[in-house]
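Annotated features, as they stand in TrEMBL:
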- 12-33: transmembrane segment (TRANSMEM)
- 40-57: transmembrane segment (TRANSMEM)
- 69-90: transmembrane segment (TRANSMEM)
- 126-149: transmembrane segment (TRANSMEM)
- 155-178: transmembrane segment (TRANSMEM)
- 190-213: transmembrane segment (TRANSMEM)
- 248-265: transmembrane segment (TRANSMEM)
- 286-305: transmembrane segment (TRANSMEM)
- 346-365: transmembrane segment (TRANSMEM)
- 386-402: transmembrane segment (TRANSMEM)
- 456-474: transmembrane segment (TRANSMEM)
- 505-523: transmembrane segment (TRANSMEM)
Amino acid sequence: MTWTQVYNPLDNIWLSALIALIPIIFFFIALTLLKLKGHIAAGITVLLAMIIAIYFYDMPASMILGATGYGFLYALWPISYIIIGAVFLYKLTVKSGQFTTIRQSIISITDDPRLQMLLVAFSFNAFLEGAAGFGAPIAITAALLVGLGFKPLKAAALCLIANTASGAFGAMGIPVIVAGQVSGIDPKEIAHFLGTQLPIISFLIPFLLVFIMDGIKGLKDVWKATSITAVSYALTQYLTVTYIGPELPNITSSIVSLLALAFYIKRTSPAAAKSFSLSPKQILKAWSPFILLTILVTAWSISFVKTMLEHMNLLINVPFLHNHVIKAAPLVKDPTPYAAILKIDVFAATGTAILIACILSVFLLNISPKVAWTTLLETVKELSRPIITIMMVIAFAFISNYSGQSSTLGLALATPAAYFPFLSPFLGWIGVFLTGSVVSNNALFGNLQLTTAQQINVLPVILVAANTAGGVMAKMLSPQSIAVAAGAVGLTGKEGELFKYTLKYSMGFLIIGGFVTFLLAWWL
């Protein structure tokens with residue numbers, strides 16, 4: 001049995017779009033006004049999308065269940081596999097006591113608070129985003145700055161704003177990988193276009209952070225150090241996303257900027273590093289899990305290695321869904337079956353490279369098997385609720401995509417065709433504000449951006465990349481991020497102050513992103 005998608009069920013594209021918007025509007029209200037927990041809000045959103053798919057789009061129930069199951073499974077593999085591995089590796093360094101050494105190796109380099117801020121809030125924040133993600137970078141670095149004497153509000157705000165540079169790629173490139181999955185565009189191609197937008201923002205952020213902290217005077221005092229941080233980070237980010245892919249830019253950019261700034265400080269202010277009493281051997285051991293991670297993920301991204309490992313992939317056609325849904329005009333020129341194939345790439349998955357790094361780290365850090373197992377169970381338990389939320393959000397995205405709801409929204413948004421590229425990042429901004437996650441945002445709106453791009457004859461990868469770029473600019477003021485930052489520095493109950501602090505910077509970056517996307521869309 002097949003079923004052909006309908007994109008204008010009410011014979012009025014704006015009314016149809018309003019119906020398709022109901023789950024998204026509810027999700028916004030549930031999170032911001034009703035204060036429901038993420039997994040509950042997302043679960044109800046899935047039910048609303050199902051009801052709309054049945055009663056307005058006439059989608060068969062079997063296909064709706066197939067799309068829901070597909071979303072659940074994709075959230076577990078490969079997304080949750082990567083998340084659990086990345087956070088597990090981070091926790092191993094904490095359990096072994098090596099994370100203290102990592103932290104000391106950074107903060108003991110200089111006693112200038114502005115440079116400490118660049119090392120911790122900017123570079124180390126990005127490193128943790130690439131290694132663990134999911135709120136850990138903001139919580140850890142904000143608490144660390146408070147420990148160094150920073151005021152809680154400023155510490156939290158600085159870390160939230162700094163996370164803009166790295167949030168697009170998250171832990172091991174998951175946000176970009178998800179964008180590729182829901183849009184059908186190669187994640188490396190999306191990463192390449194992000195490389196034309198984000199390095200501009202990444203270059204500006206260190207200067208903005210110093211300005212927020214110490215005004216024009218601060219910029220004059222440490223402009224060389226700030227420039228070194230900005231250039232080394234932005235350039236490495238560009239080169240990594242262009243020539244390697246989305247998995248490693250946060251790791252490589254953070255390490256290069258950390259080393260570049262540390263080397264500059266040591267050359268120009270050797271006395272500032274007098275408390276740096278750790279031996280190179282201690283530092284190497286502490287950082288070894290993340291060095292291994294970088295090497296292995298890089299190896300997994302090499303084409304001949306990937307090709308060799310992909311021979312062992314297991315491909316599963318999703319029952320009741322694969323090629324049962326037919327795309328129709330104006331979305332496609334001719335009726336086209338909509339594929340739904342779950343790829344179980346046990347050996348080729350990025351998560352497997354991370355898992356191997358975890359196993360090797362257990363031995364390198366002299367962690368007992370019992371402690372390692374307990375840590376893994378703790379990690380899974382800690383991440384269970386975020387994973388359930390992601391499962392629900394991705395299930396909603398798949399229902400929306402396969403039922404045609406996201407295409408309805410895309411067709412409606414394509415009406416002001418000339419201006420949509422400017423508005424494209426705003427859609428991603430809304431997605432992250434709602435969900436607190438660039439991953440969930442891309443699952444929600446990745447296909448919508450693709451559909452709209454096709455309707456207005458813009459290169460689709462530009463708008464899919466803009467969805468990620470715009471999304472990361474909302475991360476600094478999303479309720480989820482602010483709650484994490486406020487809790488880490490003891491500002492629980494004062495989230496509103498933090499929201500006001502970051503709002504103007506978020507909107508400023510968003511407008512820049514809109515102009516860049518507009519220029520790319522109509523010039524390429």
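We count from 1, first residue shown onward.
Heads up, the Cβ atoms here are built off N, Cα and C, so glycines get one too.
Automatic prediction, not curation, is the source of TrEMBL annotations.
Quick caveat, the model's predicted, so the values are computed rather than measured.
Long-range contacts of the transmembrane segment (69-90) within its own chain (CB-CB distance under 8 A, at least 6 residues past either end) are made by residues 99, 128, 131-134, 136, 171-172, 174, 177-178, 181, 289-290, 293, 318, 321, 340, 342, 344-345, 349-351, 354-355, 357-358, 361, 375-376, 379-380, 382-383, 386-387, 390-391, 393-399, 439. Contacts between the transmembrane segment (505-523) and the transmembrane segment (346-365): absent, as fewer than 3 C-beta pairs lie under 8 angstroms at sequence separation of six or more.
Taking every recorded stretch in 190-213, 248-265, 386-402 and counting its Cβ pairs under 8 Å to the transmembrane segment (155-178), the highest total belongs to 190-213. Residues of the same chain lying 6 or more positions beyond the ends of the transmembrane segment (386-402) and with a Cβ under 8 Å from any Cβ of it are 20, 23, 38-39, 42-43, 45-46, 49-50, 53, 59, 63-64, 66-68, 70-72, 74-76, 79-80, 83, 134, 178, 182, 321, 325, 338, 340, 435, 437, 439-440, 443-444, 446-447. If you look at the transmembrane segment (286-305), the same-chain residues 6 or more away from its ends with a CB under 8 A from one of its CBs are 89, 92-93, 98-99, 101-102, 105, 127, 131, 172, 244-245, 247-248, 251-252, 255, 348, 350, 352-354, 356-358, 360-361, 364-365.
If you look at the transmembrane segment (248-265), the same-chain residues 6 or more away from its ends with a CB under 8 A from one of its CBs are 106, 109-110, 115, 118-119, 122-127, 129-131, 165-166, 169-170, 172-173, 191, 202, 224-225, 228-229, 232-234, 236-237, 240-241, 272-273, 290, 293-294, 297-298, 301.
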